[in-house]
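Down below is the structure, laid out as structure tokens.
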Amino acid sequence: MTEATRILLGVNIDHVATLRQARGTRYPDPVKAALDAEEAGADGITVHLREDRRHIQERDVRMLKEVLQTRMNFEMGVTEEMLAFAEEIRPAHSCLVPERREELTTEGGLDVAGQEQRIRDAVRRLAAVGSEVSLFIDPDPRQIEASARVGAPAIELHTGRYADAENPGEQARELQRVREGVALGRSLGLIVNAGHGLHYHNVEPVAAIEGINELNIGHAIVAHALFVGFRQAVAEMKALMLAAAAKR
């Protein structure tokens with residue numbers, strides 16, 4: 001595998017916790033899912049500690065920090081509460097995301113261009129505790145350029161519009177937006193990741209884009225795991241990604 005064909009899989013385990021929280025039980029354990037994902041080939045584990053604590057809890061994050069063999073990618077809103085928690089936990093990676101209580105899932109990218117100083121301050125605080133920061137943004141040149149200006153070393157391009165496209169033409173246009181976003185981000189010296197809405201039937205065109213470092217995928221893997229088991233679900237996704245990246 002060359003640098004050009006290398007691609008990483010970050011497995012988001014939020015929805016293992018969603019199932020647990022639905023009944024207020026101690027199972028299924030997202031930490032167990034994370035360890036299984038690592039054994040199946042995951043390159044990192046992503047968790048989003050939301051303001052309303054609808055799935056992942058602080059205890060999960062603390063336990064993951066202690067036991068992961070790979071690395072944690074801590075998704076968080078840009079709030080004082082979350083920044084203080086991240087400074088305590090010191091995750092290897094942090095991803096700043098927009099957040100609204102009423103949304104089912106993150107609906108769009110962070111408006112970096114509209115709040116550059118606020119994001120710059122957050123990036124500096126996280127970097128000071130050794131956390132590599134990425135910004136979850138739409139594949140919009142204005143947002144990508146702003147991300148570079150505020151000092152973030154990485155971005156994660158929101159692939160939701162590609163994933164939700166209702167016809168092949170729309171999907172092709174959205175995929176091209178992602179391609180152009182990757183190229184612009186790389187030209188500005190950014191590490192470029194991507195994610196949101198990716199599943200077993202749409203991941204390959206994104207994984208085949210030259211310059212993408214990592215894909216973060218959760219819901220599709222957790223759903224598929226109901227039928228094949230968590231390790232198998234992770235292994236199948238990683239295999240699809242590697243096969244697509246090999247064709248770059």
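In case you wondered, yes, glycine gets a Cβ from its N, Cα and C as well.
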From GLY41, GLY189, GLY197, the one annotated by Swiss-Prot with ASN12, ARG23, GLY218, HIS219 for 3-amino-2-oxopropyl phosphate: GLY197
Candidates GLU75, GLU156: member of the recorded positions with the richest Cβ shell (10 Å): GLU156
Neighbouring recorded positions, C-alpha within 10 angstroms of GLU75 (active site, proton acceptor) - of HIS15, ARG23, HIS48, ARG50, HIS55: HIS48, ARG50
Recorded positions compared (HIS15, ARG23, HIS48, HIS55, HIS196) - the one with the fewest other Cβ atoms within 10 Å: ARG23
